[in-house]
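In TrEMBL this protein carries:
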ACT_SITE  H451  active site
ACT_SITE  D502  active site
ACT_SITE  E511  active site
DOMAIN    71-524  domain 'Glycoside hydrolase family 9'
Amino acid sequence: VLSAACSLVGLGLFTHLGRTQMASPVLSYSLPTLVLFSFTTSLFFCNAFPAAHHYPLHYHHRHPRFASHNYREALTKSILFFEGQRSGKLPPNQRITWRRDSGLSDGAAMHVDLVGGYYDAGDNVKFGFPMAFTTTMLSWSVIEFGGLMKGELQNAKEAIRWATDYLLKATAKPDTIYVQVGDAKRDHACWERPEDMDTPRSVFKIDRNSPGSDVAAETAAALAAASLVFRRTDSTYSKLLLRRAIRVFEFADKYRGAYSNGLKKVVCPFYCSYSGYQDELLWGAAWLHKATKNPTYLNYIQVNGPTLGADETDNTFGWDNKHVGARILLSKAFLVQKVQSLHDYKGHADNFICSLIPGAPFSSAKYTPGGLLFKMSDSNMQYVTSTSFLLVTYAKYLTSAHKVVNCGGAIVTPKRLRTIAKKQVDYLLGDNPLKMSYMVGYGARYPQRIHHRGSSLPSIAVHPAKIQCSSGFSFMKSQSPNPNILVGAVIGGPDQHDRFPDQRPDYEQSEPSTYTNAPLVGALAYLAHSFGQL
């Protein structure tokens, strides 16, 4: 499988796919390009911040004159991006109008309705694992910072619901989850608009005989987190999401295994579960504990936490590895809700924070000369946005509990965490050596040739006739700017030397993804509020 993937990559047929947590050669051959739309937006907004009532009134307006960026504009665009990633029948209020209906028979191969959901990046496949993670992170952004989003809150909730409506369809049958629509290898051998897709819309599932605790527990986390988003405004929908989350988590826990074992030829090397499924079981249980307040989940976390990797030292948070996110989320239960039995998670969360602080005794993070957090060459910006979100979120929890982080004797305050997060988001928005915004449509200078099929090909309105599978490659290889602006898309970003070539075939640096944008939404909401822009 890997050699086939490599050969396709060599031909430039792969869009950038999944971004895994391991520095493995397979990383390069990741997910589809359609994720590009989402990817961009998420990256920018990763650094959301705490609700107003937790801070002195003067805090939010202390430095409004010195904001170097219009975070409110970036927030708006980071959410708008998701509309460009939509699959299915588009609604009358669709704002990215160069997109049209697509994938209207998805699911037919297995006689189920799987219309809707998101294309993860720059291609036309629907991958359930990163889609679920995107949903969890959009929901967490709204849970923590939705109260600050003003007019953008409704748009953020619509972005979440577009995903959860699909996840409900994918989990409608007990002990079964439909985890992918589309044949990634066949899809990547074409460069065509989603509206023109004629590659096989194959459907792949997990069940008792071919389990997938990773994608199942992530789906449970997404449904549980989203249930909190809709709890006050649509209690019926919220209860449906939570009931389904409980059932799906039960399936994930009872029938254990990594989904990329049974579906290796399908999901690898795009969204292989490199980190295993233990992190998702801990993460899923943490979200169900938060959403249900049922002591069963707290007990599950206490009993299983050590074997599920609660105290591991991995410090990369993204679509594959959820350990860090689970530690931060569970630390809130201790810091804010005073659940004493979760005391250790404050220490686990602090260890992650200390790994990020330049010059701290246990610092291990690498930064570019221009100051960007650098995890890996393939779609690095997803880690910038996810880390920025965790920084502003943990700062919120610490502030609420009047606590700080102690890194081997060096005291790190919530303010320091916010400063680091802001610096990362500012870099993404243009404060970098190239003076380049890595969010499409934001700032005076932004990427023109992103690795995204729909954005790079003429729209249906301009070119109604079908563009065949291989005909699109002439557009992919051209030096012309993309004709359709995928507003808000955050792309993979610069290399470790702050360089960015802006070349369409370069999916590692030029492809957006939904999971890059999702955490950025929260970070941008915090920053926009703290500088008096909302």
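Glycine too: its Cβ is placed from the backbone N, Cα and C atoms.
Fewest other C-beta atoms within 10 angstroms, among the active-site residues D502, E511, are seen around D502.
The Cβ of H451 (active site) has 33 other Cβ atoms within 10 Å, all protein chains considered.
Distance from the CA of H451 (active site) to the CA of E511 (active site) is 5 Å. Cα of D502 (active site) to Cα of H451 (active site): a span of 9 Å.
Over the domain 'Glycoside hydrolase family 9' (71-524), the average per-residue pLDDT in this prediction is 97.
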